[in-house]
Amino acid sequence: MTVETFNPKQTTTLETPIKTIEADKPSTLSTGSRIGFVSLGCPKNLVDSERILTQLRTEGYDVVNTYNDADLVIVNTCGFIDTAVQESLDTIGEALAENGKVIVTGCLGIKEDEIREVHPNVLAITGPHAYEEVVNQVHEHLPQPSYNPYMNLVPDIGVKLTPRHYAYLKISEGCNHRCTFCIIPSMRGDLVSRPIGEILDEAQRLKNAGVKELLVISQDTSAYGVDVKNKMGFWNGMPVKTGMTELCEKLGEMGMWVRLHYVYPYPSVDKVMPLMASGKVLPYLDIPFQHASPRILKLMKRPAAAERTMERIKKWRELCPELVIRSTFIVGFPGETEEDFQMLLDFLDDAQLERVGCFKYSDVEGAKANDLPDPVSEEVKQERFERFMQKQQQISSAKLQRRIGSTIQVLIDEVDEEGAIGRSFADAPEIDGLVYLNGDVELKPGDIITATVEHADEYDLWASRTINCDLSA
């Protein structure tokens, strides 16, 4: 869970994500049309926050960073798991206590009764991706300010809550799958793909604004276009098929790092491998396998349960030897036996995945998995989690040790008095490892440099910049 911050002067986040607004600073602005905004949850929710803020800034509202400076606070909530629900409710309560005027939106907004039971004094509640409804509620409770309509109050790319050099590109909304542990479809609906021309227009604007890395996100990236039967769209006057491969081809021609998230292991992924092997798309796949036991995958109702996953991974690595695979897994799912768990550990040994996250199963209100028999005890969940992480740390450490002495490109994220911190193609922001370059204080965020790896641990690399290498600022 991250909580992002909006700086109205530079439309970027702080380097360490924090809450948008703080409670202890006195108001220094005139009153009337000032919005405080707190964005909780995943990158897809962050994109929704960017869209709402862009519309409000276009209409002349100011966005401020403290509770005291705000005339009204919007909280964009997360409701994916129970801990996220509690964080959302706590944040709403904090905003009410410090400001008093709060509009709630986002995934938890579909549970209006639950919110009002805890916080009856919120001004309004909307569900996820209800952009116009949120703005209309702001109009109702905070009159639209007078402003010069000919003055451009936002950049061409809109308000962005990420650093200037990378941006999330959401290509669709919703999901057609019905995994038993997940309630996303009940909150965000079935798959709805954005028009491909609209996506490519946005990507081009981001490129023109200096963005170096596009992080392609959705609930199911590999299903992009399925809902519209991959119909033909248009971009720059030319026909373009609405599909993941065609989208990746066009994005890869723009000269940015293109990183794919939330991909399912369908056969269609094979078609993207040549783009990764040729350097048009980063050789990085974020694929949530979730488990390796066929029986548990069936209980989860995972769409790829019947796929020959290991065969696909081997084929992908043959087509693109540099491929980095990130995945997430659940341990302690209802009915998981020691035999099932051992299948998962064996899969880690066989698959040799580069980046892995693991979660202990917990019930989520409204999820069908709650009703499955044979729950796993908390003690067993913890024990399996520790065994899983120990296994994966050994794999990750060995893989990173083999990179010592190699030359890599590094996208710089942060520079301080000790040096620079960046990421390689193998590292997505916030969730993967980092590359440390000690002493390189003259670099800037957004620079792309060449470096030689000198040291590694289980997750991160230490490198030195290659002399006389070109910077891409």
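Each residue, glycine too, has its Cβ placed from N, Cα and C.
If you look up Swiss-Prot, you'll see 33-143 marked as domain 'MTTase N-terminal'. Here the domain 'MTTase N-terminal' (33-143) is broken down by DSSP into helix, strand and coil counts: 55 helix, 25 strand, 31 coil.
Annotation comment: Swiss-Prot describes Cys42, Cys78, Cys107 as [4Fe-4S] cluster 1 binding site. Counting only same-chain residues at least 6 apart in sequence, those with a Cβ under 8 Å from the Cβ of Cys107 ([4Fe-4S] cluster 1 binding site) are Gly41, Asn45, Thr77, Cys78, Gly79, Phe80, Gly127, Pro128, Ile184, Met187, Arg188.
The domain 'Radical SAM core' feature in Swiss-Prot is assigned to 161-399.
In the shown protein chains, 23 other C-beta atoms lie within 10 A of the C-beta of Cys182 ([4Fe-4S] cluster 2 binding site). Mapped onto three states, the DSSP output places Cys182 ([4Fe-4S] cluster 2 binding site) in coil. Under the heading [4Fe-4S] cluster 2 binding site, Swiss-Prot lists Cys175, Cys179, Cys182.
Per Swiss-Prot, the feature domain 'TRAM' maps to 401-467.
When the alpha carbons of Cys175 ([4Fe-4S] cluster 2 binding site) and Cys42 ([4Fe-4S] cluster 1 binding site) are compared, the span between them is 15 angstrom.
Cys179 ([4Fe-4S] cluster 2 binding site) sits 18 Å from Cys42 ([4Fe-4S] cluster 1 binding site), taking the C-alpha atoms as the reference points. Residues Cys175, Cys179, Cys182 make up the record's [4Fe-4S] cluster 2 site, and a Cβ search at 8 Å around their centroid adds His177, Arg178, Phe181, Ile183, Ile184, Pro185, Gln219 from the same chain.
Those residues of the chain, other than Cys42, Cys78, Cys107, with a C-beta within 8 angstroms of the mean position of the [4Fe-4S] cluster 1 site C-beta atoms are Leu40, Gly41, Lys44, Asn45, Thr77, Gly79, Phe80, Ala84, Gly106, Leu108, Pro128. When secondary structure is read from DSSP and collapsed to three states, Cys175 ([4Fe-4S] cluster 2 binding site) falls in the coil class.
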